[in-house]
């Protein structure tokens, strides 16, 4: 066999393995959804409490409400006390569960002592690191970002540091009890080069790599650590997009994503978003990085937010 033939065979084999792996992951999701549902008491078996950052609205509140429906007491942490109180009342009314609130601004450095004091000693079975912010509502190039120095500081603190610090606070108890789940909310755009969302996308890549490494370190301790990477979810961050075949309500997405808790250290949270992720990842990088794509994507977000 000539060198050229060997190269062609190896290239074809690699392509088949990659494609086969993607098909296998979809089959695993279908099998899990249809034939391997989580036991009814799964979440309460992990511990009494669930802690959710960014839990006053959107995906965070949906996680809090769903975990409360599953029988857990929940702690929601967010910046605005008034929004926290409203969310807590709504969750308690809808589920009859116990809700505790902690007001904390995750763009700040000095909040973690306060958080630790309020959750220390609790039997925490689930941690959802959901809190996150965009550097600007309309995507733009890095140097066009308003108050760039402040935005850099806020993004690193809120999207990156908060996840690491919350894991640092909660993980020791989970390790001691040899049970627990940590869900770190990322984004589908972390899977591709994403100019004009550079800061945000890069922060979510950190979420994915940190979570993968942490899962490898602690899976033997009975702890599940998973990245959840949605695409379209109708929240304030996405301008309350109208739900459709691709865009989920926060409640729909959370219910779906929890079904795939045992499918590995990463999930898009739904079969629809998994297929979308495969399509997006197949787009050539030069297309995603082109000025034309950046312009049209920026215009799409502007028009979406005007609706």
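Glycine too: its Cβ is placed from the backbone N, Cα and C atoms.
Of all ranges given (6-26, 27-47), Swiss-Prot attaches the label transmembrane segment to 6-26.
Each of the binding-site residues 47, 55 was scored by the number of other CB atoms within 10 A of its CB, and the lowest score belongs to 47. Around residue 75 (NADP(+) binding site), a 10 Å sphere centred on its CB holds 24 further CB atoms from the protein chains shown. Rounded to a whole value, the Cα-Cα separation of residue 63 (NADP(+) binding site) and residue 187 (substrate binding site) is 16 Å. Between residue 71 (NADP(+) binding site) and residue 187 (substrate binding site), the C-alpha separation comes to 28 Å.
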